[in-house]
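According to TrEMBL, the protein has these features:
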- Glu131: active site, proton donor (ACT_SITE)
- Cys17, Cys101, Cys199: [4Fe-4S] cluster binding site (BINDING)
- His46, His79, His129, Ser227, Ser228, Asn229, Ser271: dimethylallyl diphosphate binding site (BINDING)
- His46, His79, His129, Ser227, Ser228, Asn229, Ser271: isopentenyl diphosphate binding site (BINDING)
- His46, His79, His129, Thr169, Ser227, Ser228, Asn229, Ser271: (2E)-4-hydroxy-3-methylbut-2-enyl diphosphate binding site (BINDING)
Amino acid sequence: MSGVVSDIVLAEPRGFCAGVDRAIEIVERALAKFGAPIYVRHEIVHNTYVVNDLKSRGAIFIEELDEVPPGATLVFSAHGVSQAVQREAERRGFRIFDATCPLVTKVHVEVAKLHKEGFEFIMIGHKGHPEVEGTMGQLDNGIHLVEDVADVARVQPGQTERLAVVTQTTLSVDDAAEIAAAVKARFPNVREPKQQDICYATQNRQDAVKVLSPQVDILIVVGSPTSSNSNRLRELAKKLGTESYMVDSADELRPEWFEGRPRVGLTAGASAPDVLVQQVIDRLRALGAQAVRKMDGIQETVKFPLPKGLKLEA
Ligand code: 10D
Ligand code: SF4
């Protein structure tokens, strides 16, 4: 089966975003400063390798706060938490570090601000996703979830005078725009975010796939099945007519995928570490890949500060 792959083109940008870098660093620094175990509510980011690596170093991942012993150190995942979870964690007296991405927190802050001004919300997002639960849980009620255009026709806000749209940060940019347009058509007064809530990293990785897909025969996305933004990359390539598969690790690559598809594009979701991309490259080399090149793409420079109490000088 060797020799099926001829060359690899790496998407640019791909892989870790600033929010993921920060979230992982928060757990690492908490481990270094306070020692194991450090409790983390939900997977810190949706990646199997990252979670297993932190587990091996003393992190314990939980979903419910009653799994955390009194006095423990607790980190909230990058996807954010509801007000109820925040309050309950404080009530239980844990030492809390919030690894919510600042771009998710920005949406929470906007919801709280507009709520005070009497707004209700249409949230575009995926039901059951922890970020959606966290954002919807900023209010007791008044946020109505729509997952697709059909939901927009069904949604019943309490009033339509003061209605605002918010979105999950990791959606398909194109699908979200279509759903937002349907919201606007049904509720012409609706207030849309000044800058859309879909984050720079989601936007940039999808833009790169749009450029790369037509240049290759198949696109491999490194990412875990639970990762929304990674799934959107594979879906986008398929929509553009390029065969695409998502893999959690190099072991999942199947040689038959590449038969008759010698030019391979490779990208990674915002939660997928570079070590996995390197392992995929090694596996593709074993399948015959000779050349590896990066596509031209923008360089990301976004970096978020760590919480107080975990900065190096702290
Ligand atoms: O599922 P997802 O794309 O929202 O999360 P993942 O952990 O894969 O990537 C990082 C994105 C976050 C934390 C939400 F903005
Ligand atoms: Fe933050 Fe965007 Fe990364 Fe999510 S994908 S952690 S919103 S930068």
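Just so you know, glycine gets a Cβ as well, placed from its N, Cα and C.
On the structure: features taken from TrEMBL.
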| residue | record | DSSP class |
| --- | --- | --- |
| Cys17 | [4Fe-4S] cluster binding site | coil |
| His46 | dimethylallyl diphosphate binding site | coil |
| His79 | dimethylallyl diphosphate binding site | coil |
| Cys101 | [4Fe-4S] cluster binding site | coil |
| His129 | dimethylallyl diphosphate binding site | coil |
| Thr169 | (2E)-4-hydroxy-3-methylbut-2-enyl diphosphate binding site | coil |
| Cys199 | [4Fe-4S] cluster binding site | coil |
| Ser227 | dimethylallyl diphosphate binding site | coil |
His79 (dimethylallyl diphosphate binding site), number of other Cβ atoms within 10 Å: 28
Beyond the site residues Cys17, Cys101, Cys199: chain residues whose C-beta lies within 8 Å of the centroid, for [4Fe-4S] cluster: Ala18, Gly19, Val20, Ala78, Leu103, Val104, Thr169, Thr170, Tyr200, Ala201, Thr202, Ala270
Nearest recorded site to Cys17 ([4Fe-4S] cluster binding site) by CA-CA distance, among binding-site residues His79, His129, Ser271: Ser271
Thr169 ((2E)-4-hydroxy-3-methylbut-2-enyl diphosphate binding site) versus His46 (dimethylallyl diphosphate binding site) - Cα distance in angstrom: 14
Packing count at Thr169 ((2E)-4-hydroxy-3-methylbut-2-enyl diphosphate binding site) (other Cβ atoms within 10 Å of its Cβ): 28
Cβ neighbour count (within 10 Å, all chains shown) around Ser228 (dimethylallyl diphosphate binding site): 24
Filtered binding-site residues, from Cys17, His46, Ser228, Ser271, whose Cβ is under 6 Å from an atom of ligand 2: Cys17
